[in-house]
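Single-structure report; data block below.
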């Protein structure tokens, strides 16, 4: 077994690129099922396997070469019209693709792949043999003749050419597979050590032991690499250079000022330098943030295959349509989104859409469409998973939740349509009595919601019975920098995520109205509840709050009553590692060095939600008493 | 010995492969190397820059290596360029097609720096003879 000493970089590059290639192949295979004769698709898939084979050869991954080679041959026949795609063949191809992916996994752990499963290899070989007979045989005689003809011609150095391949080339018109077999085995036996092995790398026991450790290390760190467009890195470099220059300018100004030179010209220069530094730093922050941004298409590309496999398993006809793949999302977020999205897609295919008969009976086209869309809206990323299936009935969901003992009948009666749909996010809720082995994998929608909330995101549902359901996930652009509004309770500042703030208004106490025992304020005809921040935090309310911050979450709008506000700031969030009080998302440092808590409005409001929403009409929610 | 400043264009859609070829060329002392992702981009670069040598993959999107080779040979200011074809394709038909299109050499992947050196030497010798 070979380690990859001296080839780690090459291996990493290969894996990253080959993974992308294979995902692309996967998607094209899904398309191919619909258009089995599409030459362009066949050619692209052929090229995918071909390219992987070429790279695998340099890594000495003989088994990967063999598997890709057989699959490639199959596609060569297919694209030349010498064979035709059958469902059985498709299954073999899918199994082969999976085999290639498994081998990538082994390579990723630094071990040479084991041979592909015998049924896969056997299947490929049989498929090739079955069809090899008349059509596929190359015209050997003609080829030999043209060799001679070419050699006779003035022009290319034909001898060097044919020598480049194998000695057997012109000797006999062997079947093409034999020639290839010779070429493929050559590197392992006869040739000098291939590229990447340095001359100094001597195989030996200590070396092997070291390699083992390296393998483990690498397995752990593999996901920590990122591919960044060089132009973006150049921008970062450029900006940090300029900041360096600005620092020099400030150092010299400091020397001047410390020496007592405080004339207006110097101070003006200082003012200018600081504002320029301000601009440069925010540019740098943006640029650095952008290096972490990756097109979400990388995540999306594996889903059509998952949807296809699942649909096939369930005997449904489902097409997953992707859009907005170029939308860029923070890399860590992409990783954390993988599971929730898979869950939602599985859900859509399994529970969301009906089988063909049911659809036809309902007057819908037999093929169902699940849409996965990403787009940027302002400083938010929206992810939408929509199906055109049977939709969800608020009535049934309520009944289910009562049956499962998640809510009481009384509570259920107070819920509107949307709140009812949100019941599916409660732990322990599943609309299917029988959990299928497909969607039900021990994680429920509550885990999806928790995962999205961990990313400071929101998930919302819309559903129309008979027409389908839509899940809408909204996420911040990045987790690193959060624009905040600083509000004051007494002298103590708190930071609120600016994305939730709609406007700031003075609270005129004579305009406060009590509706159903709750303090409300009418803003341009909209009746909004007024919530005191002091009350949410459990602080004493010394004086009536003077300002209201109109905030909007996906669930509700409300006015947060505060004493005053201190402006906005771009907070760099420091998370509180082991200690996380409820309602606090993290801390940040203000320009004057003061430490400020960043409030997690959703968590603070979840208390409110339980009181206001679930407990019934204001029974436990008392009006805010300001005086 | 050929000029180490010789300018190479490596054409391959697989960036790992371009890097492999680039490193092999570096081992042989050729550091003036540019890359192109497919035949179409390669042609643009060739028209714009003073390249001395083309190393091209066969299977690529947009324009494959064979078409690139044929186009080079049909373009008056490029037709003198040596073109080394590198591919995982070891079928006779392909090699013959490459030869007929005027390839200067043909290497089957995977190969070593020794193989590349040998092929390059052969092409250089022939160029010298031609000159």
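Any Cβ shown, glycine's included, is placed from N, Cα and C.
Feature list (source: TrEMBL):
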type	residues	note
DOMAIN	A:3-107	domain 'HPt'
MOD_RES	A:50	phosphohistidine
REGION	A:183-223	region 'Disordered'
COMPBIAS	A:213-223	compositional bias 'Basic and acidic residues'
DOMAIN	A:246-479	domain 'Histidine kinase'
DOMAIN	A:481-610	domain 'CheW-like'
>> Looking at the domain 'Histidine kinase' (A:246-479) alone, can you tell me the average pLDDT?
In response: 84
> Reported in the order helix, strand, coil, what are the DSSP residue counts of the domain 'HPt' (A:3-107)?
Replying inline: 86 helix, 0 strand, 19 coil
>> What does the DSSP secondary structure composition of the domain 'CheW-like' (A:481-610) look like, as residue counts for helix, strand and coil?
In response: 21 helix, 70 strand, 39 coil
